[in-house]
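One structure below.
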Amino acid sequence: MASRDLPHSLNDLAFGWIKHLKEEIIINKNSQQLVDEDFQPDEDVTKETKVKLNNLWPAFASGAGLFADGYVNNSIGIVMACLKILYGDEFTKSNAISNIGSIGFVGTVVGQLSFGYISDRVARKGGMMTANIMLIAFTLLCAVGSWGTTIQGFFACLTVWRFCLGVAIGAEYPTSSVIASEFANQLPAGKRNRYFIWFTGFMIDFGFVVSAFVPFVLLWIFTEKHLRALWRVSIGLGAILPTALFFIRLKMKDSTSFEKLHMKNVRYRDYPWWLIVKFYWFRLTIVSMIWFIYNFSVYSFGTFNAIILGQIIPDAPLWQQWGWSVVFNLFYIPGSFLGAFSADYLGPRLTLAIGVGLQGIIGFIMSACLNGLRKQVAAFTVVFGIFATLGEFGPGGNIGLLASKTSATPIRGQYYGIAAAMGKIGAFVGTWIFPAIQRRYASKTNPDLELQVPFYLSSGLCIFSALLTFFLCPHVGQDAINREDKEFVEYLRKNGFDVSKLGEDSSSVDVDVVKDTDSAEKISETIEVGQKLA
């Protein structure tokens, strides 16, 4: 096994991270220093010094599709609430109530893993466009679909389309996020991380907020007498942004780094599977564990929403419940927005560790003081808001950034897809484990215990995740993608893989040149010259 990421001694484990701080922390560097230190394998490439609109729009167009992940996933909660009111015991006592939620996780994992492979081995842009079409189609089918004339047939129909929609959402992760990271890499050093997070993780959080606000407004329009129309329109509106993005994405091209380094032309039997596993097994394990723990813990953190709502509005009408849902979702926005800046100034590794570590500490305090906080609703709401903000400040935005920048371009889709899938599996496991823990510790003498125990567990996992990130996660500098591509190609070459098989035309494109630029015309001219000489 390759051991480049493994600590080679106890001293290396405890203090090895110190030597990389100067690459991660740039808060004390001016723009000229960042330009000078920015690693570019191709000396002819002009380093960007300003953020230009023509460099921003491909990153936005690719990453913004994740808005649907936040919007549609949160909208399903609204759907479930409406179905409970509309159908009562016929819904709550059927398998549909668990199937609709669980099947979405399964579909998302299938989409993440399958399209991770498609993104690397078949077509990166093609995979993104396919995911886009699926997202539009299955969102609309969830909104309007039915099956026969019976209620159970309708529940079965919704379950099937929810699975398909999950596949489409999962497909967006290893296609659009990966493309966004490669285009964000062509921005000036010192500003790359923030734009990636704003166009990916922030879009998910924005989707959560909009999905809470839309049904709140629709409730004013339709009233509680027309909940069927309300939930269908609410879901259907989720297809608007993907439809707009589809036409924008049509004009996009694959990033230059992917064109130069992809392995689409490598036959399956020649594909260096074992070399890839040896090179990435450890860091992929660490990134996947961090993502798993974060999503696993999020479920128990959400239980405190119910406590606050129960104290503020115990018998409130539906519009008040949904209004407070908007408030809770708004807590995510400042965390994700500020975390994007910190990801540039402190680096994503340190930002994630600080955010999730502080979240764990506050989680312990909230759990220990639960009985007192119940009586101070305003204080409870503020503390919970800070708590939720820290979650998005740290892992919420930065875990995807770490997954995209700790892997090389030829395998980034599969690497990202596996890590993201582990995160969704963590969320799925959490939905089953924490209710079981709550039932186990339910007590009439101490009613707080059933909430404190899972919260203590999740907070402890947050601290563990912070330690994993701090001591074992690879450091990520501004030029991490460029350096990782170069190291990976050199590793393949040294281990006997024919690197001339990489990219579109290895006879004319230097595989060491991995910087994303918009110099497509220069590349085309180089290819033509190479073909004439051949």
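Placed from the backbone N, Cα and C atoms, the Cβ positions cover glycine too.
Features of the protein shown, as given by Swiss-Prot:
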{"type": "TRANSMEM", "residues": "63-83", "note": "transmembrane segment"}
{"type": "TRANSMEM", "residues": "96-116", "note": "transmembrane segment"}
{"type": "TRANSMEM", "residues": "135-155", "note": "transmembrane segment"}
{"type": "TRANSMEM", "residues": "163-183", "note": "transmembrane segment"}
{"type": "TRANSMEM", "residues": "202-222", "note": "transmembrane segment"}
{"type": "TRANSMEM", "residues": "230-250", "note": "transmembrane segment"}
{"type": "TRANSMEM", "residues": "289-309", "note": "transmembrane segment"}
{"type": "TRANSMEM", "residues": "322-342", "note": "transmembrane segment"}
{"type": "TRANSMEM", "residues": "350-370", "note": "transmembrane segment"}
{"type": "TRANSMEM", "residues": "377-397", "note": "transmembrane segment"}
{"type": "TRANSMEM", "residues": "417-437", "note": "transmembrane segment"}
{"type": "TRANSMEM", "residues": "453-473", "note": "transmembrane segment"}
Residues from the same chain, set at least six apart from the ends of the transmembrane segment (202-222), whose C-beta lies under 8 A from its own: 63-75, 78, 229-231, 233-234, 237-238, 318-319, 322-323, 325-326, 328-330, 332-333, 335-337, 340, 392, 396-397
Whether the transmembrane segment (135-155) meets the transmembrane segment (322-342): three or more C-beta pairs under 8 angstroms: no
Annotated stretches the transmembrane segment (163-183) and the transmembrane segment (322-342) touching (3 or more Cβ pairs under 8 Å): no
Contact call for the transmembrane segment (417-437) against the transmembrane segment (96-116), three or more Cβ pairs under 8 Å: yes
